[in-house]
Amino acid sequence: MSNSVPLLCFWSLCYCFAAGSPVPFGPEGRLEDKLHKPKATQTEVKPSVRFNLRTSKDPEHEGCYLSVGHSQPLEDCSFNMTAKTFFIIHGWTMSGIFENWLHKLVSALHTREKDANVVVVDWLPLAHQLYTDAVNNTRVVGHSIARMLDWLQEKDDFSLGNVHLIGYSLGAHVAGYAGNFVKGTVGRITGLDPAGPMFEGADIHKRLSPDDADFVDVLHTYTRSFGLSIGIQMPVGHIDIYPNGGDFQPGCGLNDVLGSIAYGTITEVVKCEHERAVHLFVDSLVNQDKPSFAFQCTDSNRFKKGICLSCRKNRCNSIGYNAKKMRNKRNSKMYLKTRAGMPFRVYHYQMKIHVFSYKNMGEIEPTFYVTLYGTNADSQTLPLEIVERIEQNATNTFLVYTEEDLGDLLKIQLTWEGASQSWYNLWKEFRSYLSQPRNPGRELNIRRIRVKSGETQRKLTFCTEDPENTSISPGRELWFRKCRDGWRMKNETSPTVELP
């Protein structure tokens, strides 16, 4: 998409009111049939869709243009009928030119798959329009791609099983149409943050769906639970991966948004989050030795609690190009955390802390931090995000992640932050005081911390350094070391992905 991505919502709303719709579409709105039918005038004009076979990593090298019924360009550019064939499909544009991400993706594919055919589907004339008109054109472009694939199938040794359609934003739904219209079944479709407006809640044949290819994997990076979402929120593939919950991406955060508003560059922040899906896919191509893993979970909140770090029964998978086919699943939601830039990989840890108290302190809201010490490196001080509340005399589960590979964990420092002068923390202190007026001294006891690595699936148990001292209070810390019987490997089936 172009730098004018936020105008998408404006143009869409204008279209709805202009068409006489009493209520503009919303995130859960149904799709009107008329918005997906090509206009009558479009049937009289030959669709402007070109297929550019890129034969070099150099973006200045034009390559060859393929057209149905003309075999000479296939020979001139040495089209390999037995190799993998990638079709890259861009999305809506307000600039009318290719974005930089496209050239990076072409280069990354050539680097990873040297013998592959990389075809850029150029539908800029049909995409460089009002968003609603571009949506109407997606079906036309999908038909054009299907015709190209049907023609290629007439050639010896060409197989649809080797075809991988990669669609960004609106291009993801174009890929879905192509997979639906082609004679046969495409091997794979990857949707990179498929567009949301006019597709959220749509019928299965009017958007990208698991039926469009043998394997459909989707990355969601710009979804929102409120208002209009640029990317689609609902799962639309066999596996749907939501990095960082699918909304606020590291490096494109609220502080950047506020700063961009001040300087009038809000579109860059929107573009950053929407386009992050592309860069995650490129990262999976060029940083093959640093794969990122996602974990199946019912929702983002459960993942934030650290509950969903299992690899049993296909519950984890690589993201991007390295994703393993899981044809038996549909609309499987998976989550992970990432860094702010390449390589995006982080290391996930589930921490189980049994908190008990000898005093009836009522409800408390402690602020905990941990520091992990390993054989390779030590982590920074990491916050323990409390999604709901701390349960006393119960086991509480947390998710922490590090940007470095710490190696084997050796010890853990747990810190209970003391009172600060922020209004929020003062309010927390006041509420805690009101909840337990007869027990002004706040103290919790923790004997052990159990840790599970998402990437290796290994488990460790850590005990307090001093068995006689298990108490922690605001402004204090506790140290934990690996218990004598602490190192154990979970006795379960092997992970379904090749873990490093």
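Cβ from N, Cα, C; glycine included.
Taken from Swiss-Prot, the feature signal peptide applies to 1-20, supported by sequence analysis.
Proximity of Cys77 (disulfide bond) to non-local residues of its own chain (separation of 6 or more, Cβ distance below 8 Å) is seen for Leu53, Thr55, Gly63, Cys64, given in sequence order. Annotation note: Cys77 (disulfide bond) sits in a coil segment as assigned by DSSP. The disulfide bond annotation in Swiss-Prot covers Cys64-Cys77 (among others) and rests on sequence analysis.
Residue environment of Asn80 (N-linked glycosylation site) contains 15 other Cβ atoms, counted within 10 Å of its Cβ in all protein chains. Sequence annotations record features per position, and here Swiss-Prot assigns N-linked glycosylation site to Asn80 (among others).
Annotated N-linked glycosylation site per Swiss-Prot: Asn136 (among others), in sequence order. Asn136 (N-linked glycosylation site) carries a helical DSSP state (H, G or I). A 10 Å cutoff on Cβ-Cβ distances gives Asn136 (N-linked glycosylation site) a total of 20 other Cβ atoms nearby, all chains included.
The active site, nucleophile annotation in Swiss-Prot covers Ser169.
Same-chain residues at least 6 positions away in sequence with a Cβ under 8 Å from that of Asp193 (active site, charge relay system) are, in sequence order, Tyr168, Ser169, Ala172, Leu219, His220, Thr221, Tyr222, Ile230, Gly231, Ile232, His274, Glu275, Arg276, Ala277, Val278. The active site, charge relay system annotation in Swiss-Prot covers Asp193 (among others), and the record cites sequence analysis as its basis.
Under the heading disulfide bond, Swiss-Prot lists Cys252-Cys272 (among others), citing sequence analysis as support. According to its DSSP assignment, Cys252 (disulfide bond) is coil.
DSSP classifies His274 (active site, charge relay system) as helix under the three-state reduction. His274 (active site, charge relay system) is surrounded by 25 other CB atoms, counting those within 10 A of its CB over all protein chains shown. Here Swiss-Prot flags His274 (among others) as active site, charge relay system, drawing on sequence analysis.
Reduced to three states, the DSSP call for Cys297 (disulfide bond) is coil. Sequence-distant neighbours of Cys297 (disulfide bond) (same chain, six or more apart, CB under 8 Å from its CB) are Phe303, Ile307, Cys308, Lys333, Met334, Tyr335, listed in sequence order. Annotated disulfide bond per Swiss-Prot: Cys297-Cys316 (among others), in sequence order, evidence recorded as sequence analysis.
Using a 10 Å radius centred on the Cβ of Cys311 (disulfide bond) and all shown protein chains, the other Cβ atoms total 23. Sequence annotations record features per position, and here Swiss-Prot assigns disulfide bond to Cys308-Cys311 (among others).
In the three-state DSSP classification, Lys337 (heparin binding site) falls within coil. Sequence-distant neighbours of Lys337 (heparin binding site) (same chain, six or more apart, CB under 8 Å from its CB) are Pro243, Asn244, Val346, His348, Leu399, Tyr401, listed in sequence order. Under the heading heparin binding site, Swiss-Prot lists Lys325, Met326, Arg327, Asn328, Lys329, Arg330, Asn331, Ser332, Lys333, Met334, Tyr335, Leu336, Lys337.
Residues annotated as domain 'PLAT' in Swiss-Prot, with sequence analysis given as evidence: 347-482. For the domain 'PLAT' (347-482), the model's average pLDDT works out to 85.
For the recorded site, Asn393 (N-linked glycosylation site), the DSSP three-state label reads coil. Taking Cβ-Cβ distances under 8 Å and a sequence gap of 6 or more within the same chain, the neighbours of Asn393 (N-linked glycosylation site) are Val355, Phe356, Ser357. The N-linked glycosylation site annotation in Swiss-Prot covers Asn393 (among others), and the record cites experimental evidence as its basis.
If you take the C-beta of Cys483 (disulfide bond) and look for same-chain residues 6 or more apart in sequence within under 8 angstroms, you find Arg448, Thr461, Phe462, Cys463. Taken residue by residue with DSSP, Cys483 (disulfide bond) is part of neither helix nor strand, so it is coil. Residues or ranges marked as disulfide bond by Swiss-Prot: Cys463-Cys483 (among others).
As annotated by Swiss-Prot, N-linked glycosylation site applies to Asn469 (among others). Every protein chain considered, the tally of other Cβ atoms within 10 Å of the Cβ of Asn469 (N-linked glycosylation site) stands at 11.
Annotated N-linked glycosylation site per Swiss-Prot: Asn491 (among others), in sequence order.
Taking Cβ-Cβ distances under 8 Å and a sequence separation of 6 or more, the neighbours of Lys325 (heparin binding site) in its chain are Arg188, Asp214, Phe215, His238.
When the recorded positions Asn80, Asn136, Cys272, Cys311, Asn469 are compared by Cα distance to Lys329 (heparin binding site), the shortest distance belongs to Cys311. Under the DSSP three-state reduction, Asp193 (active site, charge relay system) is assigned to coil, being neither helix nor strand. Nothing from the recorded positions Asn80, Asn136, Cys252, Asn331, Asn469 places its Cα within 10 Å of the Cα belonging to Cys311 (disulfide bond). With every protein chain in view, the residue among the recorded positions Ser169, Asn331 whose Cβ has the most Cβ partners within 10 Å turns out to be Ser169. Across the fold, the C-alpha of Cys316 (disulfide bond) and the C-alpha of Asn331 (heparin binding site) stand 14 Å from each other. When the recorded positions Asn80, Asn136, Asn331, Asn469 are compared by Cα distance to Cys252 (disulfide bond), the shortest distance belongs to Asn331.
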